[in-house]
Ligand code: PGA
C-alpha cells in the first residue's frame with residue numbers, strides 16, 4: 001500500500017436531513033474534521049441547505065456543493081437550479097450523472113455532458129458518476145459501459161475538459177447495498193477510467209481524480225482508498241453519521257503518512 005496525497009472524500013447526503021439536522025451535523029463535522037492534514041472533504045447537500053453550509057463552514061477546510069445542476073444558464077426551466085446559483089453559495093463540488101438520477105429522471109448522456117461543461121465554466125468541480133449495472137458486469141461489458149459514459153462528455157467537449165475534475169466509479173450494484181466492489185474490481189476500473197481519459201486527450205490532462213463510491217464504510221475505507229489507482233471516495237449512507245464519516249476521513253488521512 002503506497003502513501004497517498006491529496007485524497008478527496010465527498011459525502012453524498014442524497015435527499016436526507018432537515019434544517020435542524022444540518023445545523024447540528026455541519027457544526028459537528030467542522031469540529032471533528034478540523035485536524036485533517038492531507039484529505040480534502042466535500043459535502044454534497046440538498047440545494048436548500050447550501051446557504052447553511054456557506055454560513056457554518058466558511059472558516060473551515062470543508063467544502064460543499066450539490067447533487068445535481070441544471071444544464072442551462074437561466075430562463076424558463078421550471079424546477080431547475082443553475083451553476084451560477086450554486087456559485088452564489090460558494091459551492092465547490094457538483095455531482096453529475098448519479099445513477100439514482102439517471103434511472104428515476106431519465107438523465108440523458110447529452111444532458112450530463114452539458115452539465116459537466118457548465119459546472120466547469122463556472123469554476124466548480126464536477127463529480128461525474130460512472131458505473132455498470134450487475135447485469136452488465138455479469139455480461140463482462142463493464143469496460144465498454146463505462147467507456148461510453150466517459151465518451152459522452154469527451155465526444156462533445158474533448159477529453160481536456162476533465163482537467164481539475166473528479167470521476168467517481170460507482171458500480172450501480174454496489175450503491176445502497178452492503179456489497180462494495182472488491183479492491184481488485186475497483187483497482188481495475190479506476191485504472192481503466194484513467195487510461196480512457198488520457199488516451200483521448202491532446203495534451204496531458206491535469207489533476208483528474210478518480211474516486212470510488214458504493215457501500216463505503218469505516219471497515220473497507222483503508223482497503224479501497226489505499227489503492228494507488230483510487231484518489232478517494234463518494235460516500236452515501238456512511239456520510240449521514242458524523243461519527244462514521246469522521247472516522248472514514250481520519251482513516252483516509254492516515255494513508256498519507
Ligand atoms: P452508498 O451510496 O454509500 O450509500 O452506497 C453511494 C452513492 O450513491 O454515492
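Glycine residues also receive a Cβ, built from the backbone N, Cα and C atoms like all the rest.
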- Message: Based on TrEMBL, name the residue from 70, 176, 232 that is recorded for the same substrate site as 12, 13, 14, 215.
- Response: 176
- Query: Given the binding-site residues 12, 215, and counting only Cβ atoms in the protein chains shown, which has the most within 10 Å of its Cβ?
  - Reply: 12
- Query: If you measure residue 14 (substrate binding site) to residue 98 (active site, electrophile) at Cα, how many Å is it?
  - Reply: 10
- Going by DSSP, give the three-state secondary structure for residue 12 (substrate binding site). strand
- Note on the structure: Filtered by Cβ distance under 6 Å to ligand 1, the binding-site residues 13, 14, 176, 215 reduce to 176, 215
- Specify the count of other C-beta atoms within 10 Å of the C-beta of residue 170 (active site, proton acceptor). 30
